[in-house]
Structures are given as structure tokens and as C-alpha cells.
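What Swiss-Prot records for this protein:
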type	residues	note
BINDING	G505, S506, S507, G508, A509, G510, K511, S512	ATP binding site
DOMAIN	109-393	domain 'ABC transmembrane type-1'
DOMAIN	470-708	domain 'ABC transporter'
TRANSMEM	109-129	transmembrane segment
TRANSMEM	161-181	transmembrane segment
TRANSMEM	240-260	transmembrane segment
TRANSMEM	340-360	transmembrane segment
TRANSMEM	361-381	transmembrane segment
Amino acid sequence: MASATTLLFHHGSTRVLVARRRCQASVLRPYGGLKPFLSFCSLPNSTAPFRDSLRAKSDGLARAYVTGAPPIVEEPDPKIEESKSEAESKDLISWGLLWSLMSKHKLRLSVCLLTLLGCSTCTLSMPVFSGRFFEVLIGVRPEPLWRLLSKIAVLYSLEPIFTIAFVTNMTAIWENVMAILRAQIFRRVLIQKAEFFDKYKVGELTGLLTSDLGALNSIVNDNISRDRGFRAFTEVFGTICILFTLSPQLAPVLGLLMLAVSVLVAVYKRSTVPVYKSHGLAQATMSDCVSETFSAIRTVRSFSGEKRQMSIFGSQILAYKLSGLKLGTFKSINESITRVAVYISLLALYCLGGSKVKTGELAVGTVVSFIGYTFTLTFAVQGLVNTFGDLRGTFAAIDRINSILNAVDIDEALAYGLERDIHTKKVQDENLKLFLSAGPNVNIRHLDKYYMSNLKSTNNLRTLTWAGDVCLDDVHFAYPLRPDVKVLDGLSLTLNSGTVTALVGSSGAGKSTIVQLLARFYEPTQGRITVGGEDVRMFDKSEWAKVVSIVNQEPVLFSLSVAENIAYGLPNEHVSKDDIIKAAKAANAHDFIISLPQGYDTLVGERGGLLSGGQRQRVAIARSLLKNAPILILDEATSALDAVSERLVQSALNRLMKDRTTLVIAHRLSTVQSANQIAVCSDGKIIELGTHSELVAQKGSYASLVGTQRLAFE
């Protein structure tokens, strides 16, 4: 090891260790060293075509992404450095990103700039012409009245035209930017690791796309009108310049107004950020309570929990009201102080300006213009104060979005598949182009490109899963949010290709965790899962999802029609009505579907609530039949059904399981007796393995479970 050189650097959230080959054995030791990888050479004949490939690519396998140990590369690669530089900016939303998105609309931005100058010029010219108007009236100015009024009429006509052009173009730019941001945030949430969704509630995540992005949206939409935002700034700046040009003696009076307002803005900035944050948090909490209550309305009804939910929501309403009152108090105090500063400035102007007119040092028209500019400055300053207040809310919202979406790393194996599908294939769906508009820096800056280059081709994945065995090899696992609680402890199990394996055991033994690992919602903390001898982490998750199908005890249907729910088995493909009907018939669902009011076009309600449990199961089975995945997982698929529904569903499941590698999890042992092998899980390990008759003869844990259930039915 003395001659081995090691270079350690960070890539975003991924730690990459660049070392000489002599270091590989020590890094692979948590997975049993190199032996597990090289032992593929002794695989059965069914995987013989892959042996040479495995020998030749063992280095690539060693470099592949694995949970728990960093990937290994032999030499630094320029792709890594490129990826590293892209990952330096961790925030999902930054002002640099907003500007880059806006700068794509150069023509509209140019129009906005010109019309903004036109608006401000018209507004700033009006007090000057007002002063001239009074001078003409008192005979001090020899200009004809009709000519002066014509000029004023032109100004009054041009100002709304410029305003319409400015607001229209600025709105178009910002709505395009917001559409891209919504798409990117939605995509970022989708590709987070599973523990992200364990940590955050649905209401919190919904709030990112509604209230938080709404605050960002309002910073432009609510500040492009007169006397707000950019226009207010140009009017303040232009007014100060004109005032010093007209009268250097009176200008400092209004300059004091600007100084006072600047102090107010600084105080406002410090005082309102926590208030805005608490207000947004209270709003998200309310949204989460509403979502959770309505989604579990049957549970609430069954326990007569309406009063409790009303009490909980009432407390949240009061918290939101109090935070709103506090926020309103801050706004009112700042606006009141601003008005007081304006009135004091006006009073000083009347006193000083009037005395100078009396002594002949200033013309009446100049003082009248000053009064007009005072009101212009008043509205503009108040608009700026409101704009700065909106900015505080926007900063708080952006901080909330970035803190949530950067707290947990993205699931790179999933993100890579999406990037590949969207960027390397011709996008047929117009809606997906929103996810391309932000450019590659937004989409893939967090991905380790060198790790991605080591993922295996997906061309052979479907062949592997149809012909190869699925092996869980010395798998250890603890949920990321409970790292001290080991759920699986060295579990090993082989699902033979084309056969049915039943998994039984007491609650908490780790059965559902095995399902989540096979579905790759999580990755093993230690050990590996292979298919046909290939580590499943060598394939991106979007491709893996296409070869694994899960039917749960409570399948989730979308608020779509029956046909659309079945077609969701192939969400990225066009599915014909004939294929949908064929799958429904195979799932014993066709008869009940055609009896529905609109047949296959009948809406199923939220989460399929308008269908019975057996009907939902058969629709889910039809969806899996259409998917035609070689690996099938049945997680308590019939445990909640009555006898008639169970018979129909079990008949459909038998057709679904044919020639597929199937894992069946069931508490009722009568449903697993015909399995090719039965595995008994206890304390995160497989303690017994065999057929029903073999395990009964052993008189172990399985025999005890069988005896217990027999007694329960006697």
C-alpha cells in the first residue's frame, strides 16, 4: 500500500475515490472482497453466456455504483472533473439560473427595457409640464396653451401604450420561466431517494409547487404595474436626478426621504424574514393537514375522528392567522413610517419652496414641479418598500425550496435513466419539452458522469430477467431514517427463474423490506442483489422498473378511467384499446368493467375509491399483465378479499405468474402451499427453505405457523 497513491475529492453528494488497483480489495471488503464478483464463473449453465463478459468486465463491475462504498476508477477522468464543476452549485433555484432562463428571451427583454424607459420618461415628464401649465396660466410663460396641452395629451396617450407593451412582454417572459421552474422542481422531487418521501409529508412537497413557487411568481407578476418593482426604481432614480437639476437647494429635502426609506428597508429586511418563513411554514402545515385528512377520510369516519381533525386544523388556522397578523403588523408599521416621512418632506418643501418663491429665488413652475415629483417619489418609494417586502417572501420561499430539495441526494440510478430517455431520444410528448428547456446544466449537474458511463447496457436486461435467477446475496439493510435498526441481517435467498417462491414469517421479519429492495426503492446497506449473475445496481432504475411488477394488498389506482389505469402498465407507450381489453379479460376484470356506467371510460375516483377491493385488485393485475414483466412480486395480494373475490383474483394471478420469476408474500399459508419453494424469514434472515411438505416434515418454524393457522380455523 505504500506505493499506492490516493486522491480524494468530492463530487456533489457523491464521494469518489481514485486509487491504484492495489486499493480495490480493501474497498470491496464490505461486500466480501473480490471473491463474490469472481465467483460468477461457477454459475449454472443458464448464465454461461455471461461468464466471459463478467471476467472481462470485473473492473467495470468494481467501479459501478454500490451503496455503502464509493465507486473506484483507476485513473482520474476528465468527465469527472467536468461533472464536479457542474455540481459546485448546489441550489436548485439561484438568481443565476433565473437570469439564464430569462436571457433566452432576448427580443422580449429588449422590448421590456425600451418600454420601461418609455413609461418612466412619460411619468417623469408630467410634473415638468404641470409646472409649465401653471406658468402659462399666470402669464409667466409665453407658450400657447393649446400647444402645451397637446404635448401633455401625447404623454398621457403614450404612457398606457408603453405600459401595456412592458407588462405583456414581462409577463410572457416570467410565465415561461415559471413553467420551467415548476417542471424542474417536480422532476427533482420525483428523482429523490425513497427516504426523502419518508421524511417529508405530502403537504410540504405540495407547498413547494404552490405557495413557495407562488411567492416567486408574484415577485414579478405583482411588481410590473406602475410604481412597483423596476418601474418604481427607475422613477426614484430619475426623480432624484431631475430634482437636483431643477433646484439643488430643494433636492436635499427629498433626498432625506430616500435616506429614511433606505433605513426602513434595511430594518424591514432583518425583521420580516423569520416572519415570512413562519407564515409559509404555517401554510404548508395547513395544506398537509387537509391532504392527510381527506386522503384518509374513511379512517376518520370509522373512528368518528371528525372532531379531533377539526381541532387539529383549528389550531393550525389560529397559528396561520397569528403569523398573518404579525406579518401585517410589520407591513403596516413600515408603510406608516414611510407616509410620515413623506408628509414631513412635503411640509418642508412647502415651507422652504414657498419662502424662495416669495423672495424670487425660485419660479412658481419649479415649485409646482417639485410638488408633482414629491408625489411621484412618494408612490415610487412606497412601491419599492412593497417590492422589498415581496422580495423577503421570495427569498424565504427559495430558501425553503433549496433546503428541502438539497437535504437528500438525488437517486442517481433513477435520474440517469430519465436523462437518457429524455435527452438521447426524440421527445414525442410536447409536455416533456418543459424539462429540456432549462438546459443540461440544470438537469444533470448533480450526476456523476463517470459512474453513469460504467452502467451496463440495458439491451440484455430483459433477457437476463427472463432466463436468470434473482439472488439476494448476504444482504444487510437498515432504513436511512432508522440507521440503528437493522432490518435485514445477512439474508441470502435465490428466486429460481420461472418458478414461484413464497416468503412467510411473522410481522416485522423483513418480508416487505425484501420487496422494497427487489423493487430498488432502496439499495442494500451491504451485500448485493443479482439477476443472471449481474449486480442489479449495474442497471439504471428506469430500466429495472420495466422488468419488475408488483401487486400489493391495496393497489393504488389514479383518478383516471379504468382503461387509463390499465394502460399505465406501459406509461411511456401507446397502448391500443384491444390490448387493454385483452389484459382485462386475462385478469377476470372485463365482465365487471363493461357493467360500469361508462365501461372502460368510467372514472375510478381518487385512489380507485369508486371500485371494490376485488375490482381494484383485478385492474391492478390487468395493469401488470399488460406490463409483461418477467419478475413478479405479490405482496399480500389476496389477503383483504372475500372468498368470491379471492377466487377470481387468484385465478387471474395464476395466469399472471405463469413462466415468471415470482415472489409471493402471504400470511395465509393456504395461498403459498403450491409454491416451488417456501422461505421462512425471521429477524432479517432466511431460517428455513424448502417445499411445503419438506418444511412441515422438518417440524420447525414453518410447521409451527401451519399448526397455528389450523388451530385458528378449527
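Just so you know, glycine gets a Cβ as well, placed from its N, Cα and C.
A coil conformation is recorded for A509 (ATP binding site) in the three-state DSSP classification, outside any helix or strand. Listed in chain order, the extra residues whose Cβ falls within 8 Å of the Cβ center of the ATP site residues G505, S506, S507, G508, A509, G510, K511, S512 are C681, S682. Minimal Cβ crowding within 10 Å, among the binding-site residues G508, A509, is found at G508.
Neighbour counts were taken as the number of other C-beta atoms within 10 angstroms of each residue's C-beta; across the binding-site residues S506, S507, S512, the minimum falls on S507. Taking the Cβ of K511 (ATP binding site) as reference, residues of its chain lying under 8 Å away and at least six apart in sequence are, in sequence order, L503, V504, G505, I665, C681. Note: G510 (ATP binding site) has non-local neighbours V487, L488, L491, C681, D683, G684, i.e. same-chain residues 6+ apart with C-beta under 8 A of its own C-beta.
There are 24 other CB atoms within 10 A of the CB of G505 (ATP binding site), with all protein chains counted.
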